[in-house]
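What TrEMBL says about this protein:
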BINDING   B:His99, B:His200  heme b b562 binding site
BINDING   B:His113, B:His214  heme b b566 binding site
BINDING   B:His219  ubiquinone binding site
DOMAIN    B:15-227  domain 'Cytochrome b/b6 N-terminal region profile'
DOMAIN    B:230-407  domain 'Cytochrome b/b6 C-terminal region profile'
TRANSMEM  B:45-73  transmembrane segment
TRANSMEM  B:93-118  transmembrane segment
TRANSMEM  B:130-151  transmembrane segment
TRANSMEM  B:157-175  transmembrane segment
TRANSMEM  B:196-217  transmembrane segment
TRANSMEM  B:250-271  transmembrane segment
TRANSMEM  B:292-309  transmembrane segment
TRANSMEM  B:315-331  transmembrane segment
TRANSMEM  B:351-370  transmembrane segment
TRANSMEM  B:376-396  transmembrane segment
Amino acid sequence: MASETETSAGIEDGVRRRDFINIAAVSFAGVGSVAVVLPLVNQMNPSADVLALSSTEIDISAIQPGQSIKTSWRKQPVFVRNLVPAEIAEANKVPLSELRDPETLAERTKVGKENWLITLGVCTHLGCVPLGAAEGEPRGDFGGYFCPCHGSHYDTAARIRKGPAPKNLVVPPYDFTSDTVVTIG
Amino acid sequence: MSFPWANQYQPQHPLMKWLDEKLPMPRLVYNAIGGGYPVPRNLNYFWNFGVLAGAALAIQIITGIVLAMHYAANAGVAFDSVEHIMRDVNAGWFIRYAHMNGASMFFIVVYLHIFRGLYYGSYKAPREMVWLLGVVIFLLMMATAFMGYVLPWGQMSFWGAQVITGFFSAIPVVGEPVRVWLLGGFAPDNAALNRFFSLHYLLPFVIAGVIILHIWALHIPGSSNPTGIEVKDEQDTVPFHPYYTAKDGFGLGIFLLVFVALTFFVPNMLGHADNYIPANPLSTPAHIVPEWYFWPFYAILRAFTFNFLWIDAKLWGVIAMFAAIALLFFLPWLDSSPVKSSNYRPLYRKFFWLLVLDVFILGWCGMSPAEQPYVIMSQLASIYYFAHFLIILPIVSRIERPEPMPNSITEAVLAKHADAASAATA
């Protein structure tokens, strides 16, 4: 009986009850599959313990003018440099039009703390650690940092001046918690 | 490999025609699980469990690969890395609970698959090879499940590894050296944990390989059916797709409902709380039992409490436990009745259900502590288990008078419909 009505209905509009069941079942299975794939993809994102490392405190009281230290934030190297007045002057006299990624030193530091240059030690070309943070390392043609992998030169404000890197060394989000402590992240 | 009336694969799209000439993968799929595989028209829902077991294996492999991305197989950090998965990894709790309960679901559907085979005589000619490969898969599953259970390195993991590898020390003369060799030490430690992880990752792919052989061997005579009568002509069969893809799809939906209910609402119901205590080589938990799917065999292991002949109780227990599974390899030749389905075997049918009851009793004994009355119960149930296969089955298959059988699958189906129709009109 049911099949007879089904067939006659099918002749009229070309749609069978079975088509509805078919589409409903396959759609439901599709939604279910997506719901399962989401956690399977999301599990590859940084886990809670990795994200918990996203804030780091640094004591900068021991860094003398002209010195810099290497520390780490999110397992990436961070350069903290105490600029001398000559380096600040050199950075400020460069016209922005000459820069590949135009930014002033003031934009890359905090107000009143222009001598503290804090950047990631990750070359914006392909991620090597540039030289120049440690004592005696080559600092490139512009007196900042020099990446030995593919020859990118950064100036005293860690801005890209020569070589294949497209951007200045990244300034991470940070704040001075006090005059001697910086919180990165 | 198939019946002469099987649908032929006919690619329509030029790309599919091109592919069919170069690498006929779609043809293979079509002939294996598509319209090209004719299947008896009368399969009931017990024929779902093969597909469900395949789905369970796929779930285990996918969740397992993901877990291996976060797990550390080192005795110092393994336990912590599992807690890291549970607390820190995005959706890690879900993936681990799915893997834990997926193992139980895999065994549930495989046990139903095995008992389906026992009831309907699926192990008989011409499908002996299908059965033999199935027993191989079952053994591989047990090894894989055991080694996976060791990986979290909790108390049950550690003492499970200690007890199971202890089986080998029962072998005369070489037993203890073999155990030390298997563990790479004198007790389970880092070496054992690492090799168990390596093998736990490998064996599921071996299982997948044997499943391919299992299906290959099945597709030569074609699927069995509830009447046990072989397919005679085209009207006895329907194409696998869409008829059984739909039926299996429905079964898969029910399977997943049970699976997610376990995973989301009672994820630890089938586990042991002791395994959330880090492994302690100096202290055994008071009540140590394996996972539920090993209970019947664990009961047989513990049933031997006395030395017998010139062999001691320890070795007897191990021999009996392995024999309980090895016995299944001989089943096609122990049952000489030409009638496959228990629907037409009035005497065997009763003993089949007694065997089911016996396995449940063994399971209950295996779960319970090693004290009376469970010891005597497991001894009697073990004796009955072996008697069923070695004494009852050969005798029953000789003296039994089968009930009258229909001439064909189609006749059986039409008779059933006629019964239903007359019942409806009456």
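Each Cβ is built from the backbone N, Cα and C atoms, and glycine gets one as well.
A TrEMBL annotation is a machine prediction, not a hand-curated record.
Where TrEMBL records a feature, it is marked here on the structure.
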{"residue": "B:His99", "record": "heme b b562 binding site", "DSSP class": "helix"}
{"residue": "B:His113", "record": "heme b b566 binding site", "DSSP class": "helix"}
{"residue": "B:His200", "record": "heme b b562 binding site", "DSSP class": "helix"}
{"residue": "B:His214", "record": "heme b b566 binding site", "DSSP class": "helix"}
{"residue": "B:His219", "record": "ubiquinone binding site", "DSSP class": "helix"}
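With the fewest other Cβ atoms inside 10 Å of its Cβ, the least crowded of the binding-site residues B:His99, B:His113, B:His200, B:His219 in this structure is B:His219. Counting only residues at least six positions away in the same chain, the Cβ atoms of B:Val130, B:Leu133, B:Gly134, B:Ile137 sit under 8 Å from the Cβ of B:His214 (heme b b566 binding site).
It is 29 Å from the Cα atom of the residue listed as 'ubiquinone binding site' to that of B:His200 (heme b b562 binding site).
The transmembrane segment (B:376-396) makes contact with the transmembrane segment (B:292-309), as judged by at least three Cβ pairs under 8 Å among residues 6 or more apart in sequence. Outside the transmembrane segment (B:250-271), and at least 6 residues removed from its termini, the chain residues within Cβ reach (under 8 Å) are 45, 48-49, 51-52, 55-56, 59, 94, 97-98, 100-102, 104-105, 109, 291-292. Using a Cβ-Cβ cut-off under 8 Å and counting only residues 6 or more beyond its ends in the same chain, the transmembrane segment (B:351-370) has close neighbours at 115, 118-119, 287, 289-290, 292, 294-300, 302, 342, 377-378, 381-382, 384-385, 388, 392-393, 396.
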